[in-house]
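Listed features, source TrEMBL:
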REGION    1-54  region 'Disordered'
TRANSMEM  61-82  transmembrane segment
TRANSMEM  102-122  transmembrane segment
TRANSMEM  166-187  transmembrane segment
DOMAIN    280-349  domain 'Rieske'
Amino acid sequence: MSEHDNLPERSSGSSPVDLSKGHVEGTGGLPARFENPGLPAHVHRHGDDDDAAARRSERQVAGLFVLSMLATVGFAVAYFAIDKNSTVTLPLVGVTNALHVALGVTLGLSLLGIGLGAVHWAKTLMSDEEIVEERHVLRSDDGARQGAIDVLTEGGESAQIRRRPLIVYTLGGALGLFAVPLGLQLVGSLGPLPKNDLSTTLWSTRIGQRDGKGGRKRKLMRDPEGTAIRLTDVTLGSVFHVLPEGINETEHPLNEKVKASVILVRLEESKIRSQRQRDWGIDGVVAYSKICTHVGCPVGLYEQQTHHLLCPCHQSTFDMTDDCKVIFGPAKRPLPQLKISVDTEGYLVADQGFAEPVGPSFWERG
Ligand code: FES
């Protein structure tokens, strides 16, 4: 006698398939219909007929929502009050960032309070009767619509929304305040506003100036050597990659370099076509931004015979004898020129910053 012989018959009239007997014809032993398991029986709760127990549950639910509100306020306080570099030692974890711990714990408690409050409310006060809604055509008839309204109203009544204003207010407060950490993180993590950082370079400031006044003009320095360049160093055919004097002493030298890089060449003065270009240089020595006006690659290829500057990224080509106008490629505007002169010791210096923003043409620059 096999163990399958002992299996009980299903109430539907079907029996389990005995695979030890080989292939099975027909339905494969599946019942034609599955029994409806029905709804679990209602479990009597104290609050169902004891008003004092119901009020106790109400206070417990409200307490959980209040806990959520306090945790949310704690999140906001921790966000501003705790130094982002401070640490704390936790058992099993070791030394870790105190701000992250505080934000995680308070945010977790905030969510937990709302979740536990909602579950406790549902389990102790809301009706646990299941309501079945039959399928119907998409647009319900008026009777069904009224029925839906009645069901919703009944649901509201059974949730005791009107009778428990304390829960409604505290839930509203908990959910409303919960939006605060999300907004705080979004706004607080965006970083500082760029102000006019994208449209100015270090060339527009002077060495040793205070409150925008005084100081002396910045020298043109070789990149990467960091040595000053005399006018006499720039012979015909030579090319210098240039950065402003003092760039390594700035707060963000790399940010400054990507905006202030300049290329310096000497042209035969007779070949310079624009009078302004001639005036902004000296003895045929001219300086132009090295940042491509297409999408910002360094324009580092200089063709000595044609005096063309080539950007290696998308082949934009600029004519140095014609004020660095674009003669080929996707760039839409010339490279900005840096106005230079010579100081009393013979070094090249910048008279002022670029007259227009350097780098990619976008929005109003185009
Ligand atoms: S970045 Fe120079 S051509 Fe595209």
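Note: Cβ is positioned from N, Cα and C throughout, glycine not excepted.
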Close approaches to the transmembrane segment (61-82) from elsewhere in its chain (Cβ under 8 angstroms; 6 or more beyond its ends): 98-99, 102-103, 106-114, 116-117, 120-121, 124-125, 166-167, 170-171, 173-174, 177-178, 180-181, 184, 188
Three-state composition of the domain 'Rieske' (280-349), taking helix and strand from DSSP: 3 helix, 29 strand, 38 coil
Within the predicted model, mean pLDDT of the domain 'Rieske' (280-349): 93
